[in-house]
Amino acid sequence: MEDNASGGTTSRGQDVKVPIDEEMARSARFESNKLVLDYEDELVKIELTKKKLSDYRELHLIDKKDVDIYEKIDDYIKKNSHESLSEIIEKFQKFPKSDAIAKVLKEYDFPDYILKYEDDKNEDDKNEDDKNDDKNHEKQIRRENFERLLLHAGLILEQEKDPILKCTYIKVFTPFEKLCEQAKIIRLRMHLDPEQLPKIELDPPRKGFFYPITKYFVYEVDFTKQSAVFKRESLGKFKGAGEESTLKFFPSIRRILMTYRIITTANQINRKVYENEKPLIVKKIIKSLAIKKLISDKIFTDYYPLHDGPPIDDVRWEQKNLRAQLIQLWVDPRGGQPLEKIRLYFGEKIALYFAWLGFYTSWLSLASVVGVIVVLYGLMQYHVFHSGKDKNDFSIIWDNALTVPFAFFMAVWSTCYLETWKRYNASIAYDWDVMDYEREELPRPEFYGTIIKKSPITLRNEIHFPFREKVKRLLISGFVVFISFIKHIINRKGITGCDYSSCMLDLTIQLSVIFVGKQIIGQFNESIWPWLRSVFYKNLLQEEIREMEAKYGKSNMARTEAPQWAKDDKLYCAYGIIDNKSTFYLISKVIQFGFISLFGIAFPLAPFLAWINNILEIRFDALKFLTSLQRPIGLRAQDIGMWENILGFISILSVLSNALIIAFHSTWLKGRFVEIYGDDENQILVARLLFILLFENLVFFVKLLFMYLIPDVPREIRIAMDRERYLSNLALEGEQPALDEYLPIPDDESSLFDGGKLKLPILKRKVSDDAA
């Protein structure tokens, strides 16, 4: 089968509707656990059914049943045009895909996804050769083949030509039943309806005297919520399942995620073959019809989800869309981060990054206070005892009697920060229902295997990517990186050593350049410049939108203002933000943490400058995500991944780094050794080594003590997880609730035995005088 052949597929784990010849399937053979097909079957090519809705809009269908449903709903709407979308969906809810078709007919403004391609310039191509015509024809074929895959996957497509922008938008609508299937596949956890659960009474959380300070380091969890893995047959047990469940049951960010999964896996065909007369399913990937391949080949020019509406909405707060609410709550530096709303709009992965950055910034405030105290003490010492004639006199500002205590504090600070982050992260993961996400996470849609191997868990044959292939690719990529690194080192000029007496000063200067100059430049490039550019072009963009809306008004199209997909089309593309930019942001902050932990004692103001930088970056990034970027895909995540281990390694390495810097490059400490041992270099060397030994052992003991005393998961979270599991079993599995137990009081007159027969204890209830 050609890669661009049309065909049908469904999402992962579902049966394929395309007929496969059983005899031909049996002709497949296996050699060394590799599948060898003796034929190339041509999947049945079904013509698209195009229903013209207006001069510019078409509904694309492929199943005759869908066509019949469309005609029924269309006739009903013509006779009952006054009915709302929710009423029409409720009327036809027994028909599959009826909700998506009703959205198309009622011109619903917020489809689940948008595919865009530029219109063929037929007038300009009249004088071109046949080669260009063939190229355009090939693009059209591949585009229609991909549409067939999407329709076979259960989606509904509406094509709208935009005469204003000279392009075509394909609006993707995902039926509710298809969303339910995807939710079950990805094991999506949803909140249970509290009305159908046993009522629980929880003690309110205790707020101590220091709560105004500690609230910035603790995530407030909603312990009243209970969630469970979604099951279609138990839809009524979940919160939000009602008359408008098909419209509002799944939040927009979940619809985006599940629609994205369907689009990215649409080119994966499940094929039924036989091994020793035993049926099994093999996944065949049509590489030329992968969405990213279609984008790179200019078959489609873009694909993106939609924002909820305009960023500025002049309505009451209750009626504002979530994007407009975030503009007011998140961008304002006077308030905290609305993490729950960020999660509901951008997904767990982006929300978790901002949660980590905010938590890290809060802990930087503590280090900032101590660092400023060290510098102020140094300034007083410099003012009293030094003249400033020698450049080393200036080093007392950051190299003084508080240097060793500051290094000890920073080592303990990094440990406490990482341990409390684990607790904070556990609270977030529980509250956001991603506590078991990594264990239940499905393989990437782009994953492919090369052999078939029996799974030790399911005891079924599965597509497998062998370990030797992983090692081979790892070695090749590692060799390339190593050569690039060595080449960079060899080509560098020789590095001259610094004056022994001024190494601490040179390190301080270098850190001041990094935390002052480099951070200002980086902040300007990453945040301020895009903001200034958006402000500069804001009037121009608004003018373009006004002109576009004026053209809409003058045209014979039904709408008189620019739709949301046309407005979002002018924003910067965001589908690379998730994989690349968020990783880049994390790398930059991990490097910042490394400089503070490893070399912070040489420049005690580093935490303070990093604190200011991070506060500004959070707000500028919030503005950029909400106004300058298309809406990202709401990917899920449980934690920050490998970066947590890297931060832990840096924290351990910082103990050795700080001990060596203080022992061998601290002018203040060297002066103390000279006062005790004189100018004997050998005795001073022994003292330095002894200081390193004592400092490291003391710091490591304290770090290990804090790691032991601070559990990774708070006790109340562990209890809440067990309670949630118990209540979900009551709601979904039909288990009987546990009964209250009774322990007889010691003076109970009932006896366990009466005449040799067993006698159960009797609960005596005290009768009130009124009842008597």
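Including glycine, each Cβ sits where the backbone N, Cα and C put it.
Please treat TrEMBL annotations as automatic predictions, because they have not gone through curation.
So that you can see what the record holds, here are the features copied from TrEMBL:
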- 112-333: domain 'Anoctamin dimerisation' (DOMAIN)
- 350-377: transmembrane segment (TRANSMEM)
- 397-418: transmembrane segment (TRANSMEM)
- 483-724: domain 'Anoctamin transmembrane' (DOMAIN)
- 590-612: transmembrane segment (TRANSMEM)
- 646-665: transmembrane segment (TRANSMEM)
- 685-710: transmembrane segment (TRANSMEM)
Reported mean pLDDT - the domain 'Anoctamin dimerisation' (112-333): 84
Proximity of the transmembrane segment (646-665) to the transmembrane segment (397-418), 3+ C-beta pairs under 8 angstroms: yes
Contact set, same chain, for the transmembrane segment (590-612): CB under 8 Å, 6 or more residues outside the stretch: 360-361, 364-365, 367-368, 370-372, 374-375, 398-399, 403, 406-407, 410, 414, 504, 507-508, 511-512, 514-516, 519, 643, 646-647, 650-651, 653-654, 657-658, 661-662
